[in-house]
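Asks: Provided herewith is a single structure, encoded as structure tokens, for subsequent inquiry.
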């Protein structure tokens, strides 16, 4: 998070008191939108922990999501090397773009972004009818069955590697990751928790 010293060093004069702000998804890394902050918008963002901009058309502060409910919850914020732009890491609540897409730059998406969307899709299937999809059937079968599938796919992935079958290894690894994501959701555990654990270890 920005320190008081970094805030004092921001070059507001250089940008006519409107700092360009890139908003990035804190988990997937996808770029969500570009906005502008004046000093008051930055203070409001830091105090409320919800990303707030200065609207150049309305000539006032506006908190992203104040009308739609699709807030951007602040995770972290950084300044660039010239102190004339900001990078905001945020956790979006719903679509970021007014067009209903995850990003104002859609369909641009990182590979991590796809995993995040897949995770959300799998999460939505937890309460679906078992007849509606294979994923819903897995949830209905219970934790033991899901865990068993993870074990089976892990063995099949390892076997594919031992025979140097790259195509089969790719397919089995995809099956393993899918079933692991289902197991994590079954246990109400997000992929971000696993990623944070890896970051702490390495």
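Backbone N, Cα and C atoms are what each Cβ position is placed from, and that goes for glycine too.
Sharing the record's features from TrEMBL:
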REGION    1-114  region 'Phosphoribosyl-AMP cyclohydrolase'
DOMAIN    33-105  domain 'Phosphoribosyl-AMP cyclohydrolase'
REGION    115-202  region 'Phosphoribosyl-ATP pyrophosphohydrolase'
Asks: So what's the average pLDDT for the domain 'Phosphoribosyl-AMP cyclohydrolase' (33-105)?
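Replies: On average, pLDDT over the domain 'Phosphoribosyl-AMP cyclohydrolase' (33-105) sits at 95.
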Asks: What are the DSSP helix/strand/coil residue counts across the domain 'Phosphoribosyl-AMP cyclohydrolase' (33-105)?
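Replies: The composition, in the requested order, is 10 helix, 29 strand, 34 coil.
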Asks: With DSSP helix as H/G/I and strand as E/B, how many residues of the region 'Phosphoribosyl-ATP pyrophosphohydrolase' (115-202) fall in helix, strand and coil?
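Replies: Going through the region 'Phosphoribosyl-ATP pyrophosphohydrolase' (115-202) residue by residue, I get 76 helix, 0 strand, 12 coil.
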